Amino acid sequence: MEEYYMKLALDLAKQGEGQTESNPLVGAVVVKDGQIVGMGAHLKYGEAHAEVHAIHMAGAHAEGADIYVTLEPCSHYGKTPPCAELIINSGIKRVFVAMRDPNPLVAGRGISMMKEAGIEVREGILADQAERLNEKFLHFMRTGLPYVTLKAAASLDGKIATSTGDSKWITSEAARQDAQQYRKTHQSILVGVGTVKADNPSLTCRLPNVTKQPVRVILDTVLSIPEDAKVICDQIAPTWIFTTARADEEKKKRLSAFGVNIFTLETERIQIPDVLKILAEEGIMSVYVEGGSAVHGSFVKEGCFQEIIFYFAPKLIGGTHAPSLISGEGFQSMKDVPLLQFTDITQIGRDIKLTAKPTKE
C-alpha cells in the first residue's frame, strides 16, 4: 500500500504543472488506520505547499497518522513557513518521502528535523517517478543551469520548411496542440530572430487556464528584430532579447520603452552557455527551444540540452536548399556526435512524436 499512496501523491503533484514557477511539484497524502484523511498539492507559486493542504484537510485525524510526500518537506522560511515544522506540530507519527530535496536550503535538513522530533521517516518510495516528475527543478538545483528541451517539427526527411520558406503547416493540428503542453511546463520559450522574422509568432501558451505565460527569449546578434513584431508589441508575456555589442544603442532604448529586457553580451557572437548562465541568474529553470535550425544547431554543438521532442509528419519535402532540423557547423567526427536514448515514441494523429535524452551508453 505504500507505493499506492505515494503514486496518488505523485498524481496530485501533477496538478501544479506550469504554475509553481521556481518551486517543485509536490503532492501529499495523509493516511490513518488505512483510510485517506487528507490530500494536497502545491498548486501555485507563493501559495500553500502540498503538506499544508493535506494536513489541514486531515484536521484532528493527523494525530498519529502517516503522511506520504513526493519530495522532502522544506525546513526553511520562504514564501511559506517550513513544512517539516508543520508535520512535527500536527502529531504525525510516520513520514514517507519519495526523495530528498537537493535545494541547498533543504538538502536533508527537513528529514533531520523530523527525526530529531521522534518521527519515523522512510525514504525512497517510487523515487524514480519522483525524479522524473521534477526533472527540471532537480537539474537546476544540481547544476545551477536551466533544463533545456529542444523542440522541432519536420517532414520525414528532416525538413522544417520548403526551399521558399513555407512551413505552414508540416505537422497536423493534433501535433501542434500537443506541443502546447510543453510551453506550459517550461518557464521560457526561446527562438532565434530568424523565426520571429519568418513567422511573427506570439510565443505564448494557448492552453486554457494558464495562469502565467512563459518568458519569451529571443537571440538576436545585431538587434535586427522588427519593432512591430508580436513579441515586442502584444504585452501578453515578458520578452527578453539577447544581443551583442554590435546592437544599435538607440534601438535598444526604443525596445526597452516597450518593456523589453535587453541583455547585451560582450562578444561578437551569442554564446549559448552565456545565455543559459544569465537565464539561471534571472531565476529561469527551464527553456523550451523552438528553433530555428541554426539555434538548434548551436545548442546541440555546445551540448547544452537535456531533452529533445521532435514531431515528424509523413511528408517528403526534399530540396537541397530546404532548411533542415539542425544546421550550423555540425560535427566533424562521429566520436563527437552526441548519443541519444529514446524515452518515448508516440503517434499523434498522422504524425510521430519522438522524445529522447542524451546518454553515455
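Note that Cβ sites are derived from N, Cα and C of the backbone, with glycine treated the same way.
Annotated active site, proton donor per Swiss-Prot: GLU51, in sequence order, evidence recorded as similarity to another entry. Sequence-distant contacts of GLU51 (active site, proton donor), defined as residues of its own chain at least six apart whose C-beta falls under 8 angstroms from its C-beta, comprise VAL26, ALA28, GLY40, ILE67, VAL69, PRO73, CYS83, LEU86, ILE87.
Residues or ranges marked as Zn(2+) binding site by Swiss-Prot: HIS49, CYS74, CYS83. For CYS74 (Zn(2+) binding site), the same-chain residues 6+ apart in sequence whose C-beta sits under 8 angstroms from its C-beta are HIS49, PRO82, CYS83, ALA84, ASP101, ASN103, LEU105, VAL106, GLY110.
The NADP(+) binding site annotation in Swiss-Prot covers ALA153, TRP169, THR195, ASP199, THR221, GLY292, SER293, ALA294, VAL295, HIS296, GLY297, SER298. Every protein chain shown contributes to the tally, and the Cβ of VAL295 (NADP(+) binding site) ends up with 24 other Cβ atoms within 10 Å.
Summarising the annotation, Swiss-Prot assigns substrate binding site to SER167, ARG183, LEU203, ARG206, GLU290 and lists similarity to another entry as the type of evidence. According to DSSP, ARG183 (substrate binding site) sits within a helical segment.
Marked as domain 'CMP/dCMP-type deaminase' by Swiss-Prot on the basis of sequence analysis: 1-122.
Secondary structure of the region 'Deaminase' (1-144) per DSSP, as helix, strand and coil residue counts: 60 helix, 25 strand, 59 coil. What Swiss-Prot records for 1-144 is region 'Deaminase'.
Annotation source Swiss-Prot lists region 'Reductase' at 145-361.
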Restricted to the region 'Reductase' (145-361), the mean pLDDT of the model is 95
Students should find that the Cβ of LEU203 (substrate binding site) has, within 10 Å, a number of other Cβ atoms equal to 27
THR195 (NADP(+) binding site), Cβ-centred 10 Å count of other Cβ atoms over all protein chains shown, is 21
Whole-number Å distance separating the Cα atoms of THR195 (NADP(+) binding site) and GLU290 (substrate binding site) is 9
